[in-house]
Amino acid sequence: MNFSVITCPNGGTNQGLLPYLMALDQYQLEEFKLCLEPQQLMDFWSAPQGHFPRIPWANLRAADPLNLSFLLDEHFPKGQAWKVVLGIFQTMNLTSLCEKVRAEMKENVQTQELQDPTQEDLEMLEAAAGNMQTQGCQDPNQEELDELEEETGNVQAQGCQDPNQEEPEMLEEADHRRKYRENMKAELLETWDNISWPKDHVYIRNTSKDEHEELQRLLDPNRTRAQAQTIVLVGRAGVGKTTLAMQAMLHWANGVLFQQRFSYVFYLSCHKIRYMKETTFAELISLDWPDFDAPIEEFMSQPEKLLFIIDGFEEIIISESRSESLDDGSPCTDWYQELPVTKILHSLLKKELVPLATLLITIKTWFVRDLKASLVNPCFVQITGFTGDDLRVYFMRHFDDSSEVEKILQQLRKNETLFHSCSAPMVCWTVCSCLKQPKVRYYDLQSITQTTTSLYAYFFSNLFSTAEVDLADDSWPGQWRALCSLAIEGLWSMNFTFNKEDTEIEGLEVPFIDSLYEFNILQKINDCGGCTTFTHLSFQEFFAAMSFVLEEPREFPPHSTKPQEMKMLLQHVLLDKEAYWTPVVLFFFGLLNKNIARELEDTLHCKISPRVMEELLKWGEELGKAESASLQFHILRLFHCLHESQEEDFTKKMLGRIFEVDLNILEDEELQASSFCLKHCKRLNKLRLSVSSHILERDLEILETSKFDSRMHAWNSICSTLVTNENLHELDLSNSKLHASSVKGLCLALKNPRCKVQKLTCKSVTPEWVLQDLIIALQGNSKLTHLNFSSNKLGMTVPLILKALRHSACNLKYLCLEKCNLSAASCQDLALFLTSIQHVTRLCLGFNRLQDDGIKLLCAALTHPKCALERLELWFCQLAAPACKHLSDALLQNRSLTHLNLSKNSLRDEGVKFLCEALGRPDGNLQSLNLSGCSFTREGCGELANALSHNHNVKILDLGENDLQDDGVKLLCEALKPHRALHTLGLAKCNLTTACCQHLFSVLSSSKSLVNLNLLGNELDTDGVKMLCKALKKSTCRLQKLG
């Protein structure tokens, strides 16, 4: 088993200071934190300043009383922490709290005299460490020494004695505590013995040396002295969360772990207690106590020495979801108050009942979000289950031949979904049980492990093909329907535990249930009398999916809800993107495979309905009637589902109305699913394909040649879509990580004469040399009209790109090189490009340091008679007034340019004045001008107003984010009154007030062309808005959009 820490804030065991810290109000707490600075501590402590550790102020500032107590524990020895708190309280004149702290300090003196750490203490510590080494123990690390100080203030070594030797505390412990340990150990072993583990699974509960060390780290994941008080074990079903928690309990009961930290460990099974009625917390923790009364008062007197293990908390969340929430927000602190169990558990989680106790919680991944709100400073530990090495060990227990094991593992890695599922031991057992059957010799390994559904189907078929079950032949279909109904109803209600009444209601017969127990499909729950669960969640999910494909006595009768439920499931997964139902839907599609259906019918004596596929196709047609069906649902999930079916004809029909696909390929399973489905999207016209991982790169991690070859085969299949699909005209490869082999396949497809791609976008593609190969492949391509290479560091690649695009057969109309690290020198190549061809009409060069010198070169091209450029984007190119002079001169001669974007350049009033020399000509061709964020004022606005009064060809003008003020807009409005062309005006964030609204009112009332006006980010008060609204009501106002 393996686990990893996700996150853990500072937290730990505190020594009783928390109640006093919680008594401080907000302002007192802040003052207390300030007093913890070393310089402040010198005022009431005799030690020099350097004697005190400095607590990082960032930690102090954010700390609440609970975290503050942890910080004190972490940075001060026990005795010193108490004296520091007392000294600060005295400084703050908190007399009452001082008296209480002194009283408790006197009580503590009976067991240990509170004093400063002295040289004698340090010598004793070193001596003890030396004694441990002479006894054959490892040298303790700093964390262990810190724990010694924390536990006793003297010298005791935790975790360094022989694991089989009890600590001194164990030898002297009270009789009732010893009996409790023995009772817990006996119950744990009995529980494990009663679990119907599959063959060879018992070894999983044994603990190796490494796992023993992992258990030691479990309750201190960050290896800090201030240990976390709430640890949450998170993981998928069956990866070992409960097993790990039970191992921790068993080690404590055996006296080899957590001895000094915990006097008592309590196990609360949510399976069991969810059915309990109202009780008290004292009664709840006494359930598993031996024959005599539990020492509740002792528990209450040492709360920091208690560990509560809450196993399977999702059961409580599910129970709450079926009824009104019992957590009404009122705190629960009384151990003897009778309350619903869920209320008690929430109070325990919120640190209301036992604030100083440590909690260890296990929960399935899906439900973590519902748990977080109830926790105080939790630490989440991801339980990952079997590692690759664990899998190899497990498979070697089933297959003696190591070469056969490697062959199986190699094949499993091709199916990433199945391989990842094998982190759960029960799934491993399923795989091994299936592959060991004699029947497998008639099926190659690849077909059995091709999909997760195929493996499970063969597994269950093998179990029942020779099973002797005392059941009439005509009873089998009904029994399978009953089992599948139990599975799906449980998932609808998020129920994974079933009592006897549940199985009786579904009509499951005893012989059939016994066979399910025998084959480890179902399992009895020991701590919940008469309760049953599926041995692994994937079994329940498989049979839940099977409930939708089984033929009913009268197939889809009028009262049947199966078709509606099926569509609801698809809605959950494909539209709402809910992960909870994804495995069920995948199994559902997998069961549509004709070969799998035939196998199940022959061995399970059931009938698969042929109408299910018809219903699914109808649903697909309804969804596809939308204008852009692929935008409504998660297309990659649909691809996963169709790949699971492995039904080519069905897939082709389902994807017949898909016109646009957006794929982000991270894993091998996504690559394989895309390869399977894309070739069937015959009406696809736009493909966005992002390979955002190094999955196509052959490195040391991909040792198996067959796996790499499988990936490249899938990739080349995707590339072939560019050739075989005559409707595919747009390809977007942005944010892709490619490499030599993958680029080769892509280039071959783009060079193919049958490729119909017209628009190619390659933003942020790595590595940059990929673009060189692509542009070489595109050289002479007469179909390509749009090319976007923005957000790439082209550098020296620019001349090569432009040279290729100057090919006589090239028909490019749009070129975007925004944010490509271009410089003024690059403009020389761009100028040559613009004068060499006459079909490029739009050039986007924004976010490049072209500067004034670069624009001068470009403007020389704009005046060339062969330049046909219509749109030029030069936003944020570090231009100034000189650039405007060059542009103005060019505009006076150029007869094609109609759109110019100069936004985010510091042109200022001088630059605008230069532009207006060309803009003011009545025969000017410019129709759209963007000068937003160009740092000019009302003076520049006046120049624009004068120019517009002579030129009525400008239709779009954006002047936003300039300091125009009301006076500037007044001049502009006077020019716009007779203007007959302007339909869009941008004045966002221009420091306008209500004073300008009268002028805007006049324009809105008279203009017959203005339909869009942007005034966002200006301080227009109610009167100004009312004036604008008055204009909108006039019949002469043509405005359609006001921002």
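Glycine is no exception: its Cβ is also placed from the backbone N, Cα and C atoms.
Over in Swiss-Prot, the protein carries these features:
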type: BINDING; residues: G235, R236, A237, G238, V239, G240, K241, T242; note: ATP binding site
type: DOMAIN; residues: 1-107; note: domain 'Pyrin'
type: DOMAIN; residues: 229-558; note: domain 'NACHT'
type: REPEAT; residues: 781-804; note: repeat 'LRR 2'
type: REPEAT; residues: 837-864; note: repeat 'LRR 3'
type: REPEAT; residues: 894-917; note: repeat 'LRR 4'
type: REPEAT; residues: 923-946; note: repeat 'LRR 5'
type: REPEAT; residues: 951-978; note: repeat 'LRR 6'
Task: pLDDT averaged over the residues of the repeat 'LRR 2' (781-804) - done: 91
Task: Residues within 8 Å of the G235, R236, A237, G238, V239, G240, K241, T242 Cβ centre (excluding the ATP site residues themselves) - done: K364, I383, G385, A424
TODO: Report, as numbers and ranges, every residue of the chain located at least six residues beyond the repeat 'LRR 4' (894-917) whose Cβ falls under 8 Å of a Cβ in that stretch; write 'none' if there are none.
DONE: 841, 846, 862-863, 867-881, 883-885, 887-888, 925-937, 939-940, 943-944, 946-947, 956, 958
Open item on the list: Can you work out which residues elsewhere in the same chain, 6+ from the ends of the repeat 'LRR 3' (837-864), have a Cβ less than 8 Å from its Cβ atoms?
Closed with: 790, 805-806, 810-828, 830-831, 870-880, 882-883, 886-887, 889-891, 893-894, 896-897, 901
TODO: Quick one: among the binding-site residues G235, R236, A237, G238, K241, which has the most Cβ atoms sitting within 10 Å of its own Cβ?
DONE: K241
Open item on the list: Would you identify which of the binding-site residues V239, G240, T242 has the most other C-beta atoms lying within 10 angstroms of its C-beta?
Closed with: V239
TODO: By DSSP assignment, list the helix, strand and coil residue numbers for the repeat 'LRR 5' (923-946), in that order.
DONE: 9 helix, 4 strand, 11 coil
- [ ] Pull the DSSP breakdown for the repeat 'LRR 3' (837-864) and write it out as helix, strand, coil residue counts.
- [x] 12 helix, 4 strand, 12 coil
Open item on the list: Please list the DSSP helix, strand and coil residue counts for the repeat 'LRR 4' (894-917).
Closed with: 10 helix, 3 strand, 11 coil
